[in-house]
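J.: So that we are looking at the same thing, I have put the structure below in structure tokens.
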Ligand SMILES: Nc1ncnc2c1ncn2[C@@H]1O[C@H](COP(=O)(O)OP(=O)(O)OP(=O)(O)O)[C@@H](O)[C@H]1O
């Protein structure tokens with residue numbers, strides 16, 4: 001029922017078109033129903049000698065042109081009438097198809113837009129949980145299933161209803177006994193299709209879920225192709241794909257078998273029904289109980305009726321599939337949105353950050369950050385150091401408002417983070433990730449991404465600060481060089497520098513480098529930080545890094561270990577203390593000295 005409500009809502013703006021389409025369907029059915037009646041009158045009353053059984057206005061018209069005899073001499077008139085009726089039927093079938101298709105396309109478009117918009121506004125934590133393959137399937141195949149249903153089958157249901165109402169009322173007037181015989185299997189066919197519909201719904205859902213699993217395997221494999229190659233996992237991945245593919249094939253096969261059973265059994269039922277009408281009808285016509293024309297009407301109606309009733313099974317099956325798809329779409333639309341544009345403060349951010357006794361866990365069970373407290377004054381640079389898994393990135397996630405903290409308080413310029421508008425917050429925090437994502441656009445477009453109406457000069461300046469300008473200029477098409485499949489393949493360090501340039505353009509008062517200088521050599525790293533300091537003195541900067549030379553230059557250093565802040569101070573202060581920082585410094589220094597010695601001795 002909730003799915004139907006969703007469908008009704010989605011149909012908004014197209015309901016009139018659908019209504020018009022149904023009226024067309026009704027008119028087309030009416031014309032289809034009328035043509036056997038014209039044949040009946042022609043056989044029984046014009047060629048035969050039965051009295052004319054037509055509405056008064058038609059009888060008057062026939063009289064005015066010269067009566068039955070005139071029509072007998074001019075049989076082309078009823079023939080032309082039949083052609084005209086068929087043309088009218090065709091015209092209305094056309095408008096029905098056209099209007100329902102336009103409406104369905106529009107609904108599908110709106111649905112995709114709504115889904116896309118909703119996905120864009122989901123919290124980061126939701127994206128971490130969902131399966132990308134499944135999500136893509138919901139936005140493509142499920143929407144397509146709904147579109148197909150709306151374009152074709154939705155209006156077909158009205159055809160069955162119109163057909164039943166029109167033909168039944170005429171048949172009952174013509175002969176009650178024959179009507180009962182003609183309708184004998186109809187309830188059976190309806191029950192049969194209903195049972196089938198329920199059975200098939202589950203199978204369709206299983207097949208859909210299996211298809212989603214298949215696309216996930218494919219998607220993961222393509223996204224992680226380097227890992228697959230590097231670890232020689234091709235055979236394993238192939239087996240996994242084969243297994244999922246087989247599972248999908250088996251489920252579809254099961255569906256096909258079910259469908260084949262349905263169609264053959266309903267074929268048998270329908271043919272038995274047609275046979276019964278022919279046998280009984282011929283006997284009754286032979287004994288003069290019904291006229292030849294009436295027999296023609298019954299056999300034609302039977303053919304017309306059984307087809308849509310059997311189609312009803314198909315429509316119901318598709319309706320089952322559509323309901324499943326609607327449910328899957330609804331699951332996404334029902335997810336509460338992250339309130340990006342809603343309430344929340346939008347202060348001018350200067351950049352003083354305070355953590356006060358902050359604790360956080362992803363699952364509300366195992367704590368990832370424990371009682372973290374520190375203050376970063378506006379414009380200062382702090383470096384975060386700590387073993388892998390110590391919670392460095394999680395700290396940044398909290399600052400960006402991607403997750404909510406469990407306890408304590410985080411403030412920026414004294415304002416609680418929770419009370420701030422998330423979109424505003426993220427606009428004011430520029431972040432560069434370790435593995436930045438570059439779009440399939442040109443290098444220039446990738447850099448200018450974060451700002452509307454960005455000037456080329458700004459792009460060049462940002463690229464200069466990020467020490468990537470010369471590299472870009474060395475490409476044949478410079479800033480117009482596309483990235484990706486048909487463009488350049490950049491090194492990890494070059495990608496990081498493009499991402500740094502992209503973040504600089506944002507001119508945010510807070511900058512975060514989440515291990516994003518890792519693939520850049522020490523000298524370029526130092527050059528970038530130097531120009532950053534010159535360009536953006538007042539920017540509060542947080543640098544997560546494993547490189548001790550980068551960290552040492554920060555105003556303050558924070559050492560995290562197992563979610564706890566274990567050290568805080570300047571390089572000089574921390575070097576005087578026994579602890580994590582000095583240990584890491586010593587190890588990295590020792591390594592560098594060894595390397596220098598080996599270089600001097602010419603061993604490297
Ligand atoms: N989305 C998530 N859901 C659940 N747990 C997570 C999630 N992200 C990280 N974790 C867990 O939180 C802990 C801290 O991870 P985090 O990424 O913050 O560490 P890190 O110090 O940045 O590590 P690294 O230096 O390796 O990047 C880890 O134990 C990790 O397994």
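Counting starts with 1 at the first residue shown.
Quick reminder: no glycine exception, Cβ is built from N, Cα and C everywhere.
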J.: Please identify the range among 207-228, 229-250, 251-272 that TrEMBL labels transmembrane segment.
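T.: Here TrEMBL associates transmembrane segment with the stretch 251-272.
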J.: Can you say which of 126-143, 180-197, 306-323 is given as transmembrane segment in TrEMBL?
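T.: My reading of TrEMBL: the transmembrane segment range is 180-197.
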J.: Between 103-120, 157-174, 337-354, which stretch does TrEMBL give the note transmembrane segment?
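T.: In TrEMBL, residues 157-174 carry the label transmembrane segment.
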J.: Under TrEMBL, which of the candidate ranges 75-94, 355-374 is annotated transmembrane segment?
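T.: In TrEMBL, residues 75-94 carry the label transmembrane segment.
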J.: State the residues, same chain only, that lie 6 or more residues beyond the ends of the transmembrane segment (251-272) and have a CB under 8 A from a CB inside it; answer 'none' if no residue qualifies.
T.: 185, 188-189, 192-193, 196, 199-200, 203-204, 206-207, 210, 306, 310, 313, 317
J.: Going along the chain, which residues at least six beyond the ends of the transmembrane segment (75-94) come within the CB cut-off of under 8 Å?
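T.: Residues 24-25, 27-28, 31-32, 34-35, 38-39, 41-42, 46-47 contact the transmembrane segment (75-94) from elsewhere in the chain.
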